[in-house]
Every structure is written in C-alpha cells, then in structure tokens.
Amino acid sequence: MDVRMNQGHLLLAVTLIVCNSQLLVVANSWWSLAMNPIQRPEMYIIGAQPLCSQLTGLSQGQRKLCQLYQDHMVYIGEGAKTGIKECQYQFRQRRWNCSTVDNTSVFGRVMHIGSRETAFTYAVSAAGVVNAVSRACREGELSTCGCSRAARPRDLPRDWLWGGCGDNVNYGYRFAREFVDAREREKNYPRGSVEHARTLMNLQNNEAGRMAVYNLANVACKCHGVSGSCSLKTCWLQLADFRRVGEFLKEKYDSAAAMRINRRGKLELVNNRFNPPTGEDLVYIDPSPDYCLRNETTGSLGTQGRLCNKTSEGMDGCELMCCGRGYDQFKTYKHERCHCKFHWCCYVKCKRCTSLVDQFVCK
C-alpha cells in the first residue's frame with residue numbers, strides 16, 4: 001500500500017514538473033532581450049560570464065546562433081524593442097494595449113492564447129528583427145554582412161546610378177528567419193495536436209512580419225549636380241519607416257484568418273467561404289479573451305484605470321473602452337509649447353503654457 005502511494009506521489013510530482021517546465025518554455029521568450037540591456041561584444045570584460053549564457057528566454061537553437069553571431073544579439077534586442085513599441089502604439093486605443101508585465105515572459109499569460117493579438121505580436125516582433133539587422137548591416141556594425149547587394153530594379157532609368165549603400169534587407173530577412181523560427185522548429189509535438197497547430201500559427205505570423213518589412217522596402221535616390229540640378233541620381237534600397245510596417249500589419253490583424261488543424265496536420269480555414277491566407281497574412285486559432293476585466297488565468301489586465309475619450313464613438317471612447325462600467329472624471333494640468341515665433345536666423349522660440357483639462361478614466 002505504501003509503495004503504491006509513494007509511486008502515485010512520485011507520478012504526480014513528475015507530472016507537475018513536466019507541466020511547469022512546458023509552461024516555462026512558453027513563458028520565457030527571446031522577446032525578453034528587449035527588456036534587458038545587452039552588452040556589446042567590444043565591451044566584454046575579461047573573466048566575465050559569456051554573453052549567451054547570460055541571456056534568458058533563448059531556446060537551444062537560438063543559443064547556438066547567439067554563440068555563432070554574438071555581435072547580432074544587440075540588434076535582435078533592439079528589433080524586439082522596436083516591435084513592442086510599435087505594438088503599443090498601434091493598440092494604444094484598444095482594450096488590449098500590448099502592455100508588458102515583466103522582463104521574462106514580457107507579455108504574460110495572454111500570449112498562451114493563439115488569438116489575433118498574439119498573431120500581431122509575433123509578426124511585429126519578427127519584423128523588428130529584420131528591420132534592426134538590415135540597418136546594422138548597412139552601418140557596418142556586423143561582421144558577416146554589409147551594404148545591400150540587391151539587383152538593380154528593372155524600372156530604374158538608365159542614367160541613374162545603382163549602388164549607394166542600402167539596407168541589407170535580404171540578410172536581415174534570412175537571419176531573422178533562422179533566429180526567430182528556431183524555437184518553433186525545435187518543437188516536436190504530435191501532428192494534428194493543439195500544440196502543433198500553435199507552432200504552425202507562430203511560424204505563419206513570423207513570416208508575415210518578415211515579409212512586411214521585405215516588401216515595403218523601397219528605392220531611395222539622391223541628386224547630384226551643380227546647384228542641385230539633379231543631373232545625376234544615385235539610388236539604393238531603403239527600409240520603409242517602421243510605422244508604415246506597423247500600420248500594414250495592423251490592417252492584416254483586422255483581416256486575420258481564423259484557422260484550425262486538420263487530420264493531415266495542416267492549418268485550414270474555419271470558414272471555407274474566405275480565400276486561404278497568403279504568406280503575408282496573419283492567422284489565429286483561438287478567439288480573443290475578454291479584455292474588459294482583469295483575469296489571472298487568461299492574462300487579461302482589464303481596462304480599469306485606463307484613460308478614455310468621452311466624445312469618441314470608437315474603441316478609445318469611454319463607452320467601449322470601459323465596457324459599460326462607467327468612468328470617473330478628474331482635472332489635470334497639461335503643459336505644452338505655445339506662442340511659437342520664428343527668429344532670424346534660424347530658430348523657433350516658444351513659451352510654455354499650462355492649462356487645466358478634463359480627463360476620464362474607466363471604473
């Protein structure tokens with residue numbers, strides 16, 4: 001009897017350890033590189049702990065890539081930070097506003113759900129890495145890449161030169177794919193399982209984010225000639241402003257496709273009346289949780305205490321933002337520049353004005 005009980009306790013303990021370790025794998029993410037400053041390779045101190053062993057949230061494959069490309073890690077962190085900031089900007093007027101909760105899981109349990117919001121977060125963070133690494137190549141910060149070697153566009157006028165130092169989007173795309181997707185490709189879940197569906201979802205959204213940066217990159221040119229006559233132009237490939245990438249992905253979020261896993265272990269549309277998603281589209285497998293109220297299980301932070309716009313009928317309006325709970329009004333001082341004048345030559349001088357304004361927060 002005692003032996004059976006001990007075996008039962010042992011089995012329960014092992015089960016709990018396995019479950020907790022799986023949760024830890026989900027919770028820890030390379031996104032945490034955005035939350036903690038990364039030491040640049042040239043700043044290493046003799047006898048200090050190696051860089052890659054200090055970084056939390058990396059999978060086994062990502063840690064190997066870290067060891068091979070240590071000078072890239074700063075820019076992966078910068079890319080993750082860029083993605084998080086853009087996520088917070090795009091969702092600043094939504095019930096879920098891309099809030100970070102800690103330095104390890106970054107977004108908390110809300111990312112355990114395969115929702116539209118999770119899809120956007122994966123896409124925009126992958127896009128951030130492409131953006132940061134591509135630019136670092138152009139600036140000569142990385143040992144394995146340089147200026148863009150993209151082919152001359154066919155529609156570029158013959159008398160325009162092609163060959164300025166452009167952003168190396170090809171390299172940024174390839175490296176981001178290897179690094180960001182490494183965690184997903186290491187997983188070996190049973191084909192057709194819920195976990196397998198989530199892995200496929202993550203890979204699709206990572207690719208959509210990378211493709212957004214790749215496809216939005218455009219040709220930039222500079223004029224040469226006497227007195228700016230522009231008798232000659234030099235052109236190169238340039239990244240789009242990341243705000244444009246964020247807006248593009250936000251549109252993809254609004255039109256994201258609901259998917260499910262089929263018997264063959266592939267994602268398929270829940271509603272066959274819609275066109276299947278392309279490589280540039282976002283997909284999700286779970287409905288979004290209720291973001292109105294705080295919920296420890298789903299990771300929702302709720303909207304209590306959020307600022308709202310009393311006169312707006314949109315998502316930032318008090319009626320929708322506060323989920324019908326009502327709102328409180330208070331007065332606060334607003335400081336801003338005013339009475340600005342241009343002085344010759346050449347600066348603008350402003351006064352600092354203070355006004356008392358009404359603000360509204362959700363109950």
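Positions of Cβ are set from backbone N, Cα and C atoms, glycine also.
Quick look at what Swiss-Prot annotates:
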type	residues	note
DISULFID	Cys87-Cys98	disulfide bond
DISULFID	Cys137-Cys145	disulfide bond
DISULFID	Cys147-Cys165	disulfide bond
DISULFID	Cys221-Cys235	disulfide bond
DISULFID	Cys223-Cys230	disulfide bond
DISULFID	Cys292-Cys323	disulfide bond
DISULFID	Cys308-Cys318	disulfide bond
DISULFID	Cys322-Cys362	disulfide bond
DISULFID	Cys338-Cys353	disulfide bond
DISULFID	Cys340-Cys350	disulfide bond
DISULFID	Cys345-Cys346	disulfide bond
CARBOHYD	Asn97	N-linked glycosylation site
CARBOHYD	Asn103	N-linked glycosylation site
CARBOHYD	Asn295	N-linked glycosylation site
CARBOHYD	Asn309	N-linked glycosylation site
LIPID	Ser227	O-palmitoleoyl serine
SIGNAL	1-21	signal peptide
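Nearest by CA distance to Cys145 (disulfide bond), out of the disulfide-bonded residues Cys165, Cys230, Cys235, Cys308, Cys340, is Cys165. All protein chains included, Cys223 (disulfide bond) registers 11 other Cβ atoms within 10 Å of its own Cβ.
Cys221 (disulfide bond) carries a strand DSSP state (E or B). Summary: among the disulfide-bonded residues (Cys87, Cys230, Cys345), the fewest other C-beta atoms within 10 A of the C-beta are counted at Cys345. Cα of Cys318 (disulfide bond) to Cα of Asn309 (N-linked glycosylation site): a span of 6 Å. Cβ neighbour count for Asn103 (N-linked glycosylation site): 13 (other Cβ atoms within 10 Å of its Cβ, all protein chains included). Closest to Cys350 (disulfide bond) by Cα-Cα distance, out of the disulfide-bonded residues Cys87, Cys98, Cys137, is Cys87. Long-range neighbours of Cys362 (disulfide bond) (same chain, six or more residues apart, CB within less than 8 Å of its CB): Thr303, Gln304, Gly305, Arg306, Cys308, Cys318, Met321, Cys322, Cys323, Arg325, Gly326, Tyr327.
Cα-Cα distances to Cys346 (disulfide bond) place none of the recorded positions Asn103, Cys137, Cys221, Cys223, Asn295, Cys338 within 10 Å.
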